[in-house]
């Protein structure tokens, strides 16, 4: 283990919410973020159906289940396997939520005839490169996909919560969300680390408007096999061109 890794482990052990999560048997310190967001914005209510995109290790699903209770239902999906829950009304699928075949699996699990959910939540993060321009662009890409899925899966007047890394593309993203929801907020819960660039977009009351393909935010597509430094330079060049227009 390198110095940075050791420092990260030590910092986490000193973290108040990390310790509290261990004590209360939550799977992640992120559980407290959703608690705080829901206390402030009341996006999840008892008896509702919740879809969690990028749910591993399951901390948000635990909190969602506590809120919806026995009469609600919580479905999660993640590329990583999620340890099964003790409740019958909490189910996690291993898979890529950007694939239509996996969305169809989710629809099969939704316990209503219209196959829609009341709330879509996402605490997902992109693969971190260490280059801020790339990581911000990838975060916008991921959260835009989450928004598109929300417009496909939500009941009318449903709610959406998603994490995004703050940066120069966030205003465009928030304006995009406003096309589909009546109320949109940006916030940072107390449980988020102060040094973290993460913020949360809270969108309430989905209008029912169908997703428009032209609403894909113009950005550099994720290129897994391309050198990160080269990709960062490309993003900066694109921004310079946009600023001159």
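Heads up, residue numbers simply count up from 1 along the chain you see.
The backbone N, Cα and C atoms fix where each Cβ goes, and this holds for glycine too.
Residues 58, 60, 96, 123 are given by Swiss-Prot as S-adenosyl-L-methionine binders; from 15, 78, 141, 168, that same site also lists 78. The two recorded residues, residue 96 (S-adenosyl-L-methionine binding site) and residue 163 (active site, proton acceptor), show a Cα separation of 17 Å. Residue 123 (S-adenosyl-L-methionine binding site) sits 5 Å from residue 163 (active site, proton acceptor), counting Cα to Cα. For residue 163 (active site, proton acceptor), the nearest neighbour among the binding-site residues 58, 60, 78, judged by Cα separation, is 60. Every protein chain shown contributes to the tally, and the Cβ of residue 163 (active site, proton acceptor) ends up with 22 other Cβ atoms within 10 Å.
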